[in-house]
Amino acid sequence: MTILTHTLGFPRVGLRRELKKAQESYWAGNSTREALLAVGRELRARHWEQQKQAGIDLLPVGDFAWYDHVLTTSLLLGNVPARHQNNDGSMDIDTLFRIGRGRAPTGEPAAAAEMTKWFNTNYHYIVPEFSKGQQFRLTWTQLLEEVDEALALGHKIKPVLLGPVTYLWLGKVKGEPFDRLTLLKDILPVYQHVLAELAKRGIEWVQIDEPALVLELPQAWLDAFKPAYDALAGQVKLLLTTYFEGVTPNLDTIIALPVQGLHVDLIHGKDDVAELHQRLPVDWLLSAGLINGRNVWRADLTEKYAQINALVGKRALWVASSCSLLHSPIDLSVETRLDTEVKSWFAFALQKCGELALLRDALNSGETAALEEWSAPIQARRHSRRVHNAAVEKRLAAITAQDSQRENPYEVRAEAQRARFKLPAWPTTTIGSFPQTTEIRGLRLDFKKGNLDANNYRTGIAEHIKQAIIEQERLGLDVLVHGEAERNDMVEYFGEHLDGFVFTQNGWVQSYGSRCVKPPVVIGDISRPAPITVEWAKYAQSLTDKPVKGMLTGPVTILCWSFPREDVTRETIAKQIALALRDEVADLEAAGIGIIQIDEPALREGLPLRRSDWDAYLEWGVEAFRINAAVAKDETQIHTHMCYCEFNDIMDSIAALDADVITIETSRSDMELLESFEAFDYPNEIGPGVYDIHSPNVPSVEWIEALLKKAAQRIPAQRLWVNPDCGLKTRGWPETRAALANMVKAAHNLRQAK
């Protein structure tokens, strides 16, 4: 039984973000549809060949997407919201873009479909919409066309399909309420049709992704798998594919299915390989997800070999990435600025393919010398001074319960803060960033490229901060911000100023659609060599008598939006960041900054996939925030900001943060999110966002007043703040001025109405 290699998917965007550039050029009307389609074909052909050359035996086909693979599945099933349908019922690539973006070069604009996080990753998918009595049909044949492409190129392939149960689980009901699981019988004929077409093409194996099987699913959903897979059995061999967690809790459901193989994530799950081997049907293939598809670290292949070698010869075995390599940058070899030592610790998508090939060869031959050679830098890293900082480790070990406690409870602090700031009722503020104009971005780029010296750069940034203060004073805001002109990204900026992080040149990963991010990498113990934000905050405060907020990104968000170390726990990393930023809070306070905002938009999205694991995560996540903030004196007001999310199931933890003020996104939910705070009897102050910054629309005074009155029905008015939903970085100045002017006017009207 020869062991083969495969990946669950490969990055789509291209090494130089070619797909992003082609998409945005097409959307802007600067290139043709044919040019866009040609870029897609070129990228697919290149990526298949690269994986093949790196040693992958079975190439994934169907992992490419023009926007998102869940959206591609929606089109495959003919699931197009009525507002996005073509008059003649046809579908084209613009149909797909209208669903994802709300507009495309052809067709009428309409509200984009909702977007949310793909399980617990930083990738976003387009949420399928379901309605009662909906019909499904195979119309969008992208998968079949790409299979034909790959076969014509002579590749040995494994088509990839998102499974029917997970697809329904990921969607939402629109209109009249009903159980979306009842649609399963209606989508299965489309899956049967697709599998029949693949069988006609001589396909042996199909990877069918059911990551919902790692969740704590309701029994009705678990029960749905057997009839679904009974309907799909018999045409091709099915590799039931799971990832992001282990399958052991749902293994009884899995082993009853008529499939021929199972893929398990042996990185993020706690499944025992020996137990899996014992419980799986003897004729099933086991695909072992041994190489981490979600991180950038070189694997210890000697360890992976030991983990799986006992199964060699006992059952059919493949070695694979834990999940799609979509979540990893493409190619380490093009990184020229990483020093040799650090570079030797990393492996990007192509290098991970090479790791799989090395592991396959060793398992097939029993020769492990190549594995030991590959793994040598990992042994060196374990003892590197770049990784370990004794002072940080000592400080972390010395944390006590007192370090996460403010001096006095909120009621006492609130009195001290009222006496210090003397703010009016309905105080107005913004979330932090102001428009990142072409001038600001150009200034940073020129400085980064060496075209501008430090003095001229600082002079330019100071001028933009000054203008931001002038604008806010002119508008009549009560609590100001410096505008963050010096920051490119809320995580990258802090990573650049903390020891323990490194940055890549081309380490791009897809976030959604054409948006790519370049996460920092945590390589070692984290510390703060010098103050980060103090100078600009102090300068901004010197320009006004009104309070200016200090602006920090919180420890959990920095952790969640970075590539973390694998040799320590996430809790350890978060608390190291918290200690570093605790010193920043103390320095801001010493510099006269009386209000400090610590943003934690990622607190909820970092939750483990299984509800039973939430408490442990929330305990250390909340503690990290409190360690960060608790150094502040009573009269220093601590704010936090959280992006749009459900709060009702984590309200205990939100309250436990003990922030003096929390600002949240609520305008899109018509203040419904405040129900959670009302029901919980949330004790501290709240700033419910009164307008959606993701839209260029300017809200009217009357509309904002109505929202605030609705908020005051749930939260006492004396504890309410007035602010936008989120930062204003992506907006232009004209709509920003107009919207903030109306927001301030609405607050003034409510004060006068008292």
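Glycine is no exception: its Cβ is also placed from the backbone N, Cα and C atoms.
Site annotation for L-homocysteine in Swiss-Prot covers ILE431, GLY432, SER433, ASP599, and the matching candidate from GLU373, GLU484, GLU486, GLU646 is GLU484.
In the record from Swiss-Prot, residues ARG17, GLU18, LEU19, LYS20, LYS117, ARG515, CYS516, GLU605 bind 5-methyltetrahydropteroyltri-L-glutamate; the candidate from TRP48, TRP140, TRP536, TRP561 listed for the same site is TRP561. In sequence order, ARG12, VAL13, VAL39, GLY40, LEU43, SER514 are the residues near LEU19 (5-methyltetrahydropteroyltri-L-glutamate binding site), counting only same-chain partners six or more apart with C-beta under 8 A. Neighbour density around each Cβ, counted as other Cβ atoms within 10 Å, peaks among the binding-site residues ARG17, LYS117, HIS641 at HIS641. Checked against GLY432 (L-methionine binding site) by C-alpha proximity, the binding-site residues LYS117, CYS516, GLU605, CYS643, CYS726 yield CYS726 as the nearest. Here ASP599 (L-methionine binding site) is positioned 9 angstrom away from CYS643 (Zn(2+) binding site), judged by their C-alpha atoms.
Of all the binding-site residues in the list ARG17, LYS117, CYS516, HIS641, CYS726, the shortest Cα-Cα distance to SER433 (L-methionine binding site) is found for CYS726. Spanning the residues ARG17, GLU18, LEU19, LYS20, LYS117, ARG515, CYS516, TRP561, GLU605 that the record associates with binding 5-methyltetrahydropteroyltri-L-glutamate, the maximal Cα-Cα distance equals 29 Å. Reported as a whole number, the C-alpha separation between LYS117 (5-methyltetrahydropteroyltri-L-glutamate binding site) and HIS641 (Zn(2+) binding site) equals 19 Å.
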